[in-house]
């Protein structure tokens, strides 16, 4: 049935059965009081006035009482004019009552006497009669305490209709009483004329000269301390508007639909209101349901809200569309839109002109324009990752092996495996999407690994969860293990590095070795099967019973470095014999390089955790490293000048030996001796061109001090690269006898585009305020305790409190659409994720 016809029929039915019909009754006449009283029936109501004769002054009252007879008859109240004989001086026909009062009877029992000056028109007559008849059903209150007492009694049982009228006997009073007569068995009606009570129940400053009606949702309240939600009638207080409002309040808050929206008809459409569809999908159903409920509460009485599943209905609309609007106007097509937040949904209903719909016939052209715009943006991107992701944005990722985590299943899923790896990412952010590709490769590589679960959380959809887990940058990878603090990854995002970290995290760090044979095998490169085989050095801590403080610090350092470093620990009785093989005494570190072919003994002189961490990280650095993109930050953090040898391939054995002698020649070297293979790391060509405009002959030895002046010095190309020649050249540098080949610019190396405040884009209230650092949270175990920390280390508890929650649940639209950032429109959802 068309919406207009539905609406017309609904209104007509109500008019037929709820509103008095003209001509259906008339004023009854009784010849005498005796005749009137003898004809009264038990339980039936009648309004009588007694008249010995009609004076000209009583004529207006008689007209009003006669006109109201038709309306009152529909509520089962007969209106009777009783003639008083001249000789009758009884109570009702005496001079003090005749035509000065009207009497309301139920059967033979007098209910109320009304002065005729209170029954000044048809509205006042109907209102006061029904108010008297419904005295026990419609509660009259004067104070806020009285209202709250009624509300408390109704909680969990029934809803309440609270009405304020400036005065009784008005048209609004009549409308409330007529509605109470019809709906009084369904809802508890409460009436007041106290302006102070109206002000006490309204957060705003209401106009006390106008009537108000609030529908109080008390039936769904389960806790005594919880207040009943209130929905005000926005239209004038008429019987038809009250009927319409109560019908809307009785409709389902959210309707779940599984068919073509064109075929859907709800009570909202029948009553002339629009219907808003929130488009959902199975993976985010619970969140979409909460979002729909939030929107429904905001639009209650203004529009209906339905939850439409894309999984059950095939829609020929843009995948990124997240909201649809169906209006009651016949012949109007459904509008499909992409909205940024729930505020825009509300604006869509209240002011349609502010929201531009996406017409289906424009979709193809819009997609092309979007593609072109994104391609144009590549011209100004400073990040090759962004360009690569933009070029491959339509490539589908094999994510079947990666569990999707949400607010509902996050904490329940963590204990399902011995170790759960969680990737926190933002589906619109380029680096996150690039890492997601590596992560999918890791999932394929590690598929079937016992006790390991790989999962992901889209922080674009779940900002509250990511804030709760203290995720302040994207992407973030963490390994959760029952009863332990989560380990945060801080390395490069290639599949090989991620796999190595995940596998290393499966083995205790440090790994406790029980016998001398196990310890020596560990130094030779004999590791547990779970450990990945790579060329990284291995570290063994050796402790005696007298060095418990150093051992505890070493264990704590191992906890922090878990997943990043291969560490073992030996503290048996023969620990002294083991360490003395390498010319040290406990406590000591044994550092094995090149698969155990070289073992170095290092005495532990400092026994606190931070000093030990610094020492371990420094000792693990190669003596003469090959600089690559992954390891460059480790050496830059040392803050030392670089003596770097650029080579077109592997350096010669002679050059390697000379450089290695130079690196080993001075303990605690004041500069980094390193080399760069341009074949493996071609970005080195760009570095050389920056310094020399063209690529100079190779090999080339440079002195670069990035941290003091940025001067670049070139080793004389005609001299052989030997330890002696290099030392002589460095002495000239220190004496100021060499001229720099180039000097790096002093300006900051910042991106050409301003950085995004990612948290501000997602949820403005989650973004740290200027001058305030994000609050850290204590670590969270798989059972649900909080987690915190910084990138690259295992998080340590903070005493500063917990991070703020991510706003009101359900404020952002999720599901098949972009996450809606409340006030910033930069974000864009990756549709395939």
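Cβ coordinates come from backbone N, Cα and C, glycine included.
Here TrEMBL flags 1-24 as signal peptide.
Mapped onto DSSP classes, the domain 'TXNDC16 N-terminal' (28-130) shows 36 helix, 30 strand, 37 coil. Annotation comment: TrEMBL describes 28-130 as domain 'TXNDC16 N-terminal'.
The domain 'TXNDC16 second thioredoxin-like' annotation in TrEMBL covers 131-252. Across the domain 'TXNDC16 second thioredoxin-like' (131-252), DSSP classifies residues as 46 helix, 23 strand, 53 coil.
According to TrEMBL, the domain 'TXNDC16 third thioredoxin-like' annotation covers 253-344.
Residues annotated as region 'Disordered' in TrEMBL: 356-383 (among others).
The compositional bias 'Acidic residues' annotation in TrEMBL covers 360-373.
For the domain 'Thioredoxin' (402-502), DSSP puts the residue distribution at 37 helix, 24 strand, 40 coil. Taken from TrEMBL, the feature domain 'Thioredoxin' covers 402-502.
If you look up TrEMBL, you'll see 764-833 (among others) marked as region 'Disordered'.
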Using DSSP, break the domain 'TXNDC16 third thioredoxin-like' (253-344) down into helix, strand and coil residues and give each count. 27 helix, 22 strand, 43 coil
